[in-house]
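One structure is given below, encoded as structure tokens.
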């Protein structure tokens, strides 16, 4: 019995030992699969980073329109002459702005009110293309009108030129024919400007904000009133003559009564003259008859005396 019990215990220990080893082995293998899933979770994170790089190009394209402006938006006070000086190539236009006093006026209105302006700035090359002495031959008033002709009294963006109605009013004033007409037309992205003497195309944008827009033009905009006054003077005599004739007619014969009065006065004067002439004739004939009677009386007395003397 003792041997049988010892044999049974030995078998039991072997069985238990084998069972413990068998149970211990399967617990170890599941650990690697638990670690293995972690790499796939990291992989999507790496793949998510590349889309961030294509998101940058839109921001660069959004900044592209700002690069077309030659001078960036100014901080603080707005000075047209300083903006043009930074753009370079506008020294003649700057000098005329200062000498005419328009630079100071623009500075005051831009910095003390909400008024906006659009300026067409001719380059120095544009002024050099004029005939020698063209600007110097102008009076101070004409120089002021010339510069005012390049200024609109509102801010016009590139996309708004097609909405303008012609003729476009400028700071020079009258837009009627022969005065200061300025016509603006568009063809796609191109803006064409005509003054009646000059046809040109608007160039790039020098400066733009919500109160001031400055555009380059490669030709000086010459107004008809300043550089072609002959057409204006030739047309002027007609209205003046008609006005003077109308005034004379109105003063002399309102509703035709003046002509009738003048005719009546002339008839009265003629009648008076005729009456005076007739009276003169009658007086002359009376005088002749009296003179004849005065001469016959002495003759008759002499004849009677002679007859009496002869009879005695």
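Placed from the backbone N, Cα and C atoms, the Cβ positions cover glycine too.
Between the listed ranges 232-259, 260-287, TrEMBL ties the annotation region 'Disordered' to 232-259. The domain 'FAS1' (77-221): residue composition by secondary structure is 48 helix, 36 strand, 61 coil, according to DSSP.
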